[in-house]
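J.: The domain 'Glutamine amidotransferase type-2' annotation in TrEMBL covers 1-201. Per TrEMBL, the feature L-glutamine binding site maps to ASP88. Annotation comment: TrEMBL describes VAL279, SER352, GLY353 as ATP binding site.
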Amino acid sequence: PMRRGAPRRMKIGLFSRENVGLLTSWSPGSLSFGHRRLAIIDLSQAGHQPMSNEEGSVWVVHNGEIYNFPELRKRLEQKGHRFRSDTDTEVIIHSYEEWGEECLQEFRGMFAFALWDEKKEKLFLARDRLGIKPLYYAQVNDQFLFASELKAILASGLVKKQLDPQGLHYFLSFYSVPSPFTLIQGVRSLPAGHKILVSQNGVRIIPYWDVSFGNKSDVARMDEAEIKLELRRLLEEAVRIRLISDVPLGAFLSGGVDSSAIVGLMSRMSSLPVKTFSVGFGEEGADIDELRYARIIADRFSTDHTEVIVSGKDVLEDLDRIIYGMDQPSGDGINSYFVSKAARKRITVALSGLGGDELFAGYLHFRLLSKIYSFEERFPGMAKKFLVNFYRRAPSKIRERYPINLMGYLGKSFVDKYARVRSLFTEEEKEKIYSAAYSKANRDLMRPEQFLSSLTDNNVQNLIEKISRLELKNYMAHTLLRDMDVMSMIHSLEVRVPLIDHKLVEFVCNIPSHLKLQGSTAKYIFLESLRDLLPEEIVNRKKMGFELPMASWLEKELKPIVEDVFSPRSVKKRGIFDPDQLERVYSDFKKGRAGYLKVWVFVVLELWMRRFLDNPGGLINP
């Protein structure tokens, strides 16, 4: 059931898809579907959505791409199915007719879709395995709402604009909001690899796929050379199937090994120069600029290369649009916004190298946590217990003398150690930051360790694999992928991520961990598989990580906004945080004792609340 007018408002609330096929709706009884299309495959009207089967008994709205749709279409045609378009969306319909909900096992791609089966009176929704495409939903009395953007559900007028305390609590830990939580009470995000069934029997949420590190039988029979060859084969296949497009296509190029590998493989598969796009920061970001490395790859493969230089002035001018596009607050995503903005002037689809660090142990904290465990193993049980008690009672000045506070990790569980390494604010810091009234009203919030524990698998015992699982299911899914999607789609740009093709992920997860992190060499087997493709300077370079000169921008161009957000007047008016404690956070940043992210998250959060919670017209495209 839906209140009159709500579906149209929801479709208006969706941000930017191309105007081709802007609005289509269908209302059988009490059901409404709406869709705005960014046309990628089959640009004709035959590809417009909502789309149905021949008899009009199965309808679907779909966001994303099914990359193996040509293969599936052939199989379905052999079984007697007839197609009216050349789209991957129609393949979803006929796959459901043939295999039911098990059709999900056949799809290779990124997707979020809702399918109505009129005969069974069942609504079937699903999100892709790794969580590349978002899907939000809400239950309001006897009504069920769903959308690809949170703002679309807010635009329905059926959900109150109230902040969710648990979502906020996790945001301060992870600087993004993890599924199934959101920052709006009553609205949930469907986790990756899950489906929803809505019928007269109620609403059921069911997992259909998960990251697995327990299928090592095939890989165990391979030696290193064979693993390297199979890895390269799967990587090439993942790139190849993502080159299907009826619109201009290119790639993001950071100069790191992941994006360089994607561009190199694309160049070998294309008869024309690949269009590549890189972000730099001019003089204020000279020490973190990776444009030099991007140019090496652009020259090596003769790409049609575009560089965009981003300044603090650019961020200030686009800040309102960035906040609107975020959909939910995030401490990340600025780089994705600007590279997507530049790319959309020339292409409609871009390939990204996202996912390599999570799969192949590329991040520093893989090595950091390994060192912590090695440090802990030096002490027998009684000695460890003594040191833990000593550390807990020691004055803060003594505790701070130890590099990375190694003593503070002794005796902690894996999840506790991981949370300590990965959290922006500790639980102790958050307790101080909240105002007294807010803390009193929200005493029973779950700690991030509880959420992270829900993502672990007790069958996974290897440390590197345990870290990789959490990186894939938390940081990548809830920060990197979400930010990439919203910051590209705000410009009507589709981004594809070959490195997390699920077949490639399933293989890589079962490669022995010593071939991923070998001594101090991260991503060992991945690098070895690329030596014939990439220049030595790229393969052997030290990982930098993508950084922004955000600290400089916060102290200069964005300073008036920061000071307004952190002013006692603004903080007291909001009522969530303690003004003195937030002033301490800001002071620590100005004195160089805290990183920019601890300031930026409060700026993003406050600007988001002003637009989405306070402003009656905040859901309108700026």
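First residue shown is number 1, and so on along the chain.
Placed from the backbone N, Cα and C atoms, the Cβ positions cover glycine too.
No curator has checked TrEMBL annotations; they are predicted automatically.
Can you walk me through where each of these features ends up in the structure?
T.: On the 0 to 100 pLDDT scale, the domain 'Glutamine amidotransferase type-2' (1-201) averages 83 in the predicted structure.
Reduced to three states, the DSSP call for ASP88 (L-glutamine binding site) is helix.
The Cβ of SER352 (ATP binding site) has ALA251, PHE252, SER259, ILE262, MET484, VAL495, ARG496, VAL497 as same-chain neighbours under 8 Å, each 6 or more residues away in sequence.
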J.: Work out how many Å separate GLY353 (ATP binding site) and ASP88 (L-glutamine binding site) at their Cα atoms, rounded off.
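T.: ASP88 (L-glutamine binding site) has its Cα 24 Å from the Cα of GLY353 (ATP binding site).
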J.: Below 8 Å Cβ to Cβ and six or more residues apart, same chain only. Which residues does that give for VAL279 (ATP binding site)?
T.: SER254, GLU307, VAL308, ILE309, VAL310, ASN335, PHE338, VAL339, ALA342
